Amino acid sequence: MKLKSLLLRYYPPGIMLEYEKSGQLKTKSIDLLDLDPSTDVSALVEEIQKAEPLITASRSDQVKLLIQRLQNKLGQHSNHKFYLFKVLRAHILPLTNVALNKSGSCFITGSYDRTCKLWDTASGEELHTLEGHRNVVYAIAFNNPYGDKIATGSFDKTCKLWSVETGKCYHTFRGHTAEIVCLSFNPQSTLVATGSMDTTAKLWDIQSGEEVFTLTGHSAEIISLSFNTSGNRIITGSFDHTVTVWEADTGRKVYTLIGHCAEISSAVFNWDCSLILTGSMDKTCKLWDAVNGKCVATLTGHDDEILDSCFDYTGKLIATASADGTARIFSAATRECVTKLEGHEGEISKISFNPQGNRLLTGSSDKTARIWDAQTGQCLQVLEGHTDEIFSCAFNYKGDIIITGSKDNTCRIWR
């Protein structure tokens, strides 16, 4: 094995190694999730050298410099104030979803008008209209971090793969017998997973366009689906009240998480893949050990359904959004509620941390999105202007652009 280059990854903090093994270029990452501005860099470099044979003594100064750059970045706490940059009347019929590419340079919108549109964030101009579906385009995604492909899942029971550059369709994936309502690329961008009202999920090969596996076992629609960070596991959440974890390379069921007593609304791994977080219409979130599938905690306190939940990149904080109009932040270590986010006047359907992990973004049926301090729970900003419910909101990779999508058929860019 021969080390070719070292690359920085800012969020979450880490160093990517590009190395050659038997003539092939491979990558692996050293995750530095606990890095903070006070970390002893020399001691950390020694630790890394002991654990990683590719990092030889001759590379230690370079690694030290990279870690110092990461530390500087972590020290820059963003107090960015967002302003409305553009309003896009994206589609004639209602929007279903919005998604950003990694850099935030472009984003996509799905709609009841059976199309997906690709937009330039800086100018607000439409770059492509992706046409071909015969029903609502509901689930959409970029193959981040690459960002050169788009997947669209439709009520017409198919998923299509598109080129970002040309807007041309590469493949149409057929096989589901009911609407596709969720989809995800694996981190390597070799597979697309689709979840459907037909109770199954399917994995598709991006190169060949062929179906690789069908994941069967749920008894109701699959509404949430995601890969873990390394891409070797996939998680599906269903209206049958359960969540199942599958092996991505064999399609084998690893285990089913049973314990919620109502429909699942979200299911995600934390960054290091040690924990799984599930949110449910039963008003609770549960934390599960990702190794054995055992429930390690139930997070309570909300008075109504949990509509969304997520980890920050360190996996130390958990955020939950509820139909009771509040969001909460829990500590993953103590499982206690750290702070409550109060201020919305309607249900909160979306919640996410910014990439730095110090801000939270919420979208609500009260027609506003809000930005909160993740430590104190203080509301820092209210993004107003939509005339109907906000169902989708997202940060870009740097955390300095926000997109909101609303039932008023517009998208707003904030920067």
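For all residues, glycine too, the Cβ spot is worked out from N, Cα and C.
The repeat 'WD 1' feature in Swiss-Prot is assigned to 90-129. What Swiss-Prot records for 132-174 is repeat 'WD 2'. If you look up Swiss-Prot, you'll see 175-214 marked as repeat 'WD 3'. Taken from Swiss-Prot, the feature repeat 'WD 4' covers 217-256. Under the heading repeat 'WD 5', Swiss-Prot lists 259-298. The repeat 'WD 6' annotation in Swiss-Prot covers 301-340. Per Swiss-Prot, repeat 'WD 7' is recorded for 343-384. For 386-415, the entry in Swiss-Prot reads repeat 'WD 8'.
The helix, strand and coil residue counts that DSSP assigns across the repeat 'WD 8' (386-415) are 0 helix, 16 strand, 14 coil. For the repeat 'WD 2' (132-174), the residues of the chain that approach it from at least six positions outside its boundaries are 96-103, 106, 108-112, 114-116, 118, 180-185, 189, 192, 194, 196, 198, 202, 204, 206, 209, 211, judged by C-beta separation under 8 angstroms. Helix first, then strand, then coil: DSSP counts for the repeat 'WD 7' (343-384) stand at 0 helix, 22 strand, 20 coil.
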